[in-house]
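Copied from Swiss-Prot, the annotated features are:
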- 1-18: signal peptide (SIGNAL)
- ASN84: N-linked glycosylation site (CARBOHYD)
- ASN114: N-linked glycosylation site (CARBOHYD)
- ASN222: N-linked glycosylation site (CARBOHYD)
- SER616: active site, charge relay system (ACT_SITE)
- ASP693: active site, charge relay system (ACT_SITE)
- HIS728: active site, charge relay system (ACT_SITE)
Amino acid sequence: MKTSQFLSLLLLAGIAQAIVPPREPRPPTGGGNKLLTYKECVPRATISPRSTSLAWINSDEDGQYISQSDDGALILQNIVTNTNKTLVAADKVPKGYYDYWFKPDLSAVLWATNYTKQYRHSYFANYFILDIEKGSLTPLSQDQAGDIQYAQWSPMDNSIAYVRGNDLYIWNNGKTKRITENGGPDIFNGVPDWVYEEEIFGDRFALWFSPDGEYLAYLRFNETGVPTYTIPYYKNKQKIAPAYPRELEIRYPKVSAKNPTVQFHLLNIASSQETTIPVTAFPENDLVIGEVAWLSSGHDSVAYRAFNRVQDREKIVSVKVESKESKVIRERDGTDGWIDNLLSMSYIGDVNGKEYYVDISDASGWAHIYLYPVDGGKEIALTTGEWEVVAILKVDTKKKLIYFTSTKYHSTTRHVYSVSYDTKVMTPLVNDKEAAYYTASFSAKGGYYILSYQGPNVPYQELYSTKDSKKPLKTITSNDALLEKLKEYKLPKVSFFEIKLPSGETLNVKQRLPPNFNPHKKYPVLFTPYGGPGAQEVSQAWNSLDFKSYITSDPELEYVTWTVDNRGTGYKGRKFRSAVAKRLGFLEPQDQVFAAKELLKNRWADKDHIGIWGWSYGGFLTAKTLETDSGVFTFGISTAPVSDFRLYDSMYTERYMKTVELNADGYSETAVHKVDGFKNLKGHYLIQHGTGDDNVHFQNAAVLSNTLMNGGVTADKLTTQWFTDSDHGIRYDMDSTYQYKQLAKMVYDQKQRKPERPPMHQWSKRVLAALFGERAEE
């Protein structure tokens, strides 16, 4: 096994002993004797770091943010001077509110109440406007009934754009103007449908005010003809189950099915004049709009990012608002893989007499920051190298600086940098010569930032001025209590390293060893991959003391866990990512098997007890890994797995696999269809799935279990567990409690399992032999 020297951070001196990063002059603390318990780790970690997230306010005084006092009042505070002012008294705060947003001039608050969850990001609510000076509370709509889908303040005046019944409205000083009249079950104005919310925007809105507040760009989605998927809810949150389940019908486009069509619209707020802008970048049935961004400080120009259906070609189209003229200002062919929708376009303004916007692109093979001319032309690279920019944190147009996080040190790390788009000088804001994981949150005017150290040691947060990144102004979150708590425990020993594939690529590995690890003993091992395209599980972020830490710590279990990021995962360059294009489930299980064989070079690894467990894509990867019939893995658990990507949504799947018409053989191979690997397991295979899963439908588990049963996988090898009405997270009605107890029992039983096959009743042998042949007698 090849181990990278700089990454062999055996956190014996780190997490295991709760080292404080070198910012504080205190020595490492000693470990205790307590071991993590089930209740402390499951269903979610109870011993965990705290963090502070601030709602920065753009005002004349930089460093201001909104906080809430113990009695519920909303306070305007300055993080630097510690001065504060009560904006909303506690008795003016609506009871049971869900969220709130201040008007930009701080004269009013928009409240969301009566929250009802819809999908992953979207919800319905009532909205009220509080006039701070008058103390009056006014409903956004007089007849609202917890049915408003989204609402947003204009950046400049007293207007609110909101969506109700899939129609767009503009509220201004108590008067409401209905903008669209066609909203309904199939037409969405200003909010995304299910597939755009889940796979494209990752959010609940599809409208964008111009910086001067005079125009609104929005998208209209038409789901007419998109196939419907029906989800039954058997209990439907009732004490007594209804005789007929409630049925939720979702327009859910699966692979090669009809997608929703999308239109681009502009609204003049003052005149209420609405204009449909023709989108000609791709044909209507071959179009995905992935991003909208204003490319001006007023409302001169707005752009949208258009993809073809399978998202391997893109065009950035600029629209001149006054003339309504459209122009392709940038395009790219990414048919060597796919093009990620990073939602990173931001207007910069004038640079040496020409207007630019900033964006992230991996066209060079690595994701980097570029300046692009607003009217098209040659781009300017601001960062380069065989590492990746992860996210743009802040654009400071006055200082001509862009703040961002990157993997420059290593793909598992994150460090914060600035780059000048005037001089192209790149400057670290942290010590970028250590394996660490940072991010930052910048004040509205960019004068201050909260630096968040997120691992691998005990996290903390500090306030800095952008004028001096060497000396913190104050500590925001110390996590001293966590540090003291950890002194009581012996924690899993965590290390990071790389293993090298025969083809030359390296895979990142995170290893957890039991607290009382003895290299002369034998230990069962559980692999815990996710492994999906562009994802990352192996990082230097804080090691959550969750279920994986529990099974490592429990004296009756003492599992070693390995998390391996296979080919196709993120932050190691485009070539590494794109290797899985058109063949999901082919390379990923090969890499997991290779890693397991490398693991078995360790004398302490028990070859008879090597398991693999994954959720969602990880559940799919678990099944595909067992399907290889490698003989390395002896048991597996798939939670909420995809079993055949022809059953999953179009916009995610086709990005990586293309359509069935273009890649029929690829889809056939990607589906879990070979059963010998499951039949030959020394141990057991468990499938868990929620029947109310609106993302990865229960259909996947049903099809998978049927495939395995009909293929001859015997009852001593296979268990299927459904969770009534639970969604993809399996959280309905205490389901997660049962789920994790089942997981704990599974890994315990598998550790206790003897290598030889358990005895069977004679009638079982005869029945199995009749059904599946003499193999059942073996």
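Positions of Cβ are set from backbone N, Cα and C atoms, glycine also.
Counting only the Cα atoms, the space from ASN222 (N-linked glycosylation site) to ASP693 (active site, charge relay system) is about 24 angstrom.
Sequence-distant neighbours of ASN114 (N-linked glycosylation site) (same chain, 6+ apart, CB under 8 A from its CB) are GLY96, TYR98, ALA125, ASN126, GLY146. Rounded to a whole value, the Cα-Cα separation of HIS728 (active site, charge relay system) and ASN84 (N-linked glycosylation site) is 42 Å. There are 18 other Cβ atoms within 10 Å of the Cβ belonging to HIS728 (active site, charge relay system). Here the recorded positions are ASN84, ASN222, SER616; the one with the fewest Cβ atoms within 10 Å of its Cβ is ASN84.
Contacts of ASP693 (active site, charge relay system) defined by a Cβ separation under 8 A and a same-chain sequence distance of 6+ are given as ILE231, ALA640, SER726, ASP727, HIS728, in order along the sequence.
SER616 (active site, charge relay system) sits 46 Å from ASN84 (N-linked glycosylation site), taking the Cα positions as reference.
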